[in-house]
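Trainee: The structure's right below; bear with me while I get my questions together.
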Amino acid sequence: MKFLDLAKVYIRSGSGGNGCVSFRREKFIEYGGPDGGDGGKGGSVWAEAVDGLNTLIDFRYQQHFFAQNGVPGKGQQRSGKDGEDIVLRVPVGTEILDEDEETVLADLTEVGQRVLLAKGGNGGFGNLHFKSATNQAPRRANPGQAGVDRTIWLRLKLIADVGLLGLPNAGKSTFLAATSNARPKIADYPFTTLHPNLGVVGVDNVEFVIADIPGLIAGAHEGRGIGDRFLGHVERCAVLLHLVDGTSGDLVEDYHTIIGELEAYGGDLAGKPRVTVLNKIDTLDDEERAFLVEELETASGGPVMMMSGASREGVTEVLRALRARIDANRLREKPVEESQPWQP
């Protein structure tokens, strides 16, 4: 399924049905009086977060969503039928923005969370409502209230426990493929990953979700490369995993490039808990490993771990370090498979 994390949508709630002008007409009843019914309410437009979706691709093929209008009232005091609501089903983690793309109208972060986007119009009163002591036969009724037209933006920010960061070709997708059932595209050229990938990782009977976003380059926050538009997907992460390519010519510069982009992007990304890892150590000897780790620790001011996604050396230790930094309430117990009773 193709990935889409931003969509423009046009919505309209239903108009209310018109009230009815009608009079009771029966045999032997000369002055029956008014009996016009009210119009039905127009349908409303809602957005609801549902499970099982991680893209807004459906909104590329349908951008217009119009709720039903209410049915006009009828004689014999019959009210019109209400218009049916329409529900936009979106992935968990979807932000709903106003037309200016800045004002946040709602943030759907839980399954089943629902928000009203456009309320349907009220139905008009029939002429029965206007009967009074001085006006026994009113010939007026109210029109239904008009529906609401508006344009909104849907912006998806994936909800994951860990966000994978690094320059292009730092080995992020290789790490995700080695630790989960996710199968991102892996190749020996920059920007192999063109959209975020999610993988469920298990360690010590606990599972958590890792998001792999396209690699960042210097100036990404100004629109260079493709990574800056995906940084929003790691805003919700509890911890960031920063992979530094051990085969790079200047890994300290690589480290500062990513940190600089986090600071320039804002949103407190640079202040999130972070695990820094020297990757691709399968290509380094012991002396090179020690030298590069010391360089990175000096640059980062904190501990640096080592691993190789290709050979899986050090991967388990990195996963345990991530688990220790994720809030306990965000971790899920790994389901234990029930053993089947032996049968001959």
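Placement of Cβ uses the backbone N, Cα and C atoms for every residue, glycine included.
Values in this document were obtained by computation on a predicted structure and should not be read as measured data.
Annotation source Swiss-Prot lists GTP binding site at 166-173, 191-195, 212-215, 279-282, 308-310, citing sequence analysis. Feature annotation from Swiss-Prot assigns Mg(2+) binding site to SER173, THR193. Under the heading domain 'Obg', Swiss-Prot lists 1-159. Residues annotated as domain 'OBG-type G' in Swiss-Prot: 160-327.
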Trainee: Count the Cβ atoms, other than its own, that fall within 10 Å of the Cβ of PRO214 (GTP binding site), considering every protein chain shown.
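Mentor: Neighbour count, Cβ to Cβ under the 10 Å cut-off: 25.
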Trainee: Let me know the most crowded of the binding-site residues, choosing from LYS172, LYS280 and counting other Cβ atoms within 10 Å.
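Mentor: Ranked by Cβ atoms within 10 Å, first place goes to LYS172.
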Trainee: Over all shown protein chains, what is the count of other CB atoms within 10 A of the CB belonging to SER173 (Mg(2+) binding site)?
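Mentor: SER173 (Mg(2+) binding site) is surrounded by 24 other Cβ atoms within 10 Å.
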Trainee: If you draw a 10 Å sphere on the Cβ of ASN169 (GTP binding site), how many other Cβ atoms land inside?
Mentor: 20
Trainee: Other than its own, how many Cβ atoms are within 10 Å of the Cβ belonging to SER308 (GTP binding site)?
Mentor: 21
Trainee: 10 Å Cβ neighbour count around GLY166 (GTP binding site)?
Mentor: 25
